[in-house]
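K.L.:
I'd like to ask some things about the structure below.
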């Protein structure tokens, strides 16, 4: 690899918090991108305030050139003119056309938070929790046009069980592992020390886009499945239910006609297979313990 990292030009594509951790790791590792491509600002919350994606905020902090195209195809000429040596992708959220993938000399590397070919697609972390997996990890691939399909350059498992992890904690651990593996892989890839390994298509599995309604609790499901749902969807979309008189066994509201939408933030399964709710958040209120909720509402 070239001795002067400043002459080695990288462009970065990413949007949410996972991309933030990877981007900052690149910068701290001496690989500050010359360009960051991220999603357009979008309206957020009840007031629909136009909000930048997390990666944009970090790029601004480090004075990096930013582009937010509706279609990345529109940036083809600009990227060509920048003459990047390498592209890095972390949760960008859009398919990158072949015309752009072939621009950098060393292609585009994608940091994916699963052990590919298992859990291709947009929600590998949530899916690992929902399925009760004991292990997961990070894979770095050389990208092609298909979703998480390109040949593997590096793969590494987390060194501990993930059986009780909430999404936020597992997300951060995988991103941190991804940074470490990415920095190692860049050097080896540029130096010609890695031979790309095709993925085993017979073992490929896919994940789906998580929607708001996926957080609604179906109380007829097994207790252990509900507990995994609570961990997988915290903080977004959050697991929620509607409590009213006789909605749940032993729960009665002081004002029986009122229906309260609540998020279940933390829970555990007891030895007798009961769901013990630890933390809850009524709509429009701050998070509270279940004991506090019972004193105020039940």
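Every residue gets a Cβ built from N, Cα and C, even glycine.
Grabbed the feature section from TrEMBL, which reads as follows:
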DOMAIN    9-186  domain 'Formyl transferase N-terminal'
BINDING   114, 115, 116, 117  (6S)-5,6,7,8-tetrahydrofolate binding site
DOMAIN    210-297  domain 'Formyl transferase C-terminal'
K.L.:
Which Cβ among the binding-site residues (115, 116) has the fewest C-beta neighbours inside 10 Å?
P.N.:
115
K.L.:
Counting each residue once, how many in the domain 'Formyl transferase C-terminal' (210-297) are helix, strand and coil under DSSP?
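P.N.:
When I sort the residues of the domain 'Formyl transferase C-terminal' (210-297) into the three classes, I find 22 helix, 26 strand, 40 coil.
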K.L.:
Taking 10 A as the limit, how many CB atoms besides its own sit near the CB of residue 117 ((6S)-5,6,7,8-tetrahydrofolate binding site)?
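P.N.:
So the number of other Cβ atoms within 10 Å of residue 117 ((6S)-5,6,7,8-tetrahydrofolate binding site) is 20.
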K.L.:
So what sits near residue 114 ((6S)-5,6,7,8-tetrahydrofolate binding site) in its own chain, CB-to-CB under 8 Å and at least six residues off in sequence?
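P.N.:
Residues satisfying the criterion: 120, 124, 125, 127, 128, 136, 137, 138, 139.
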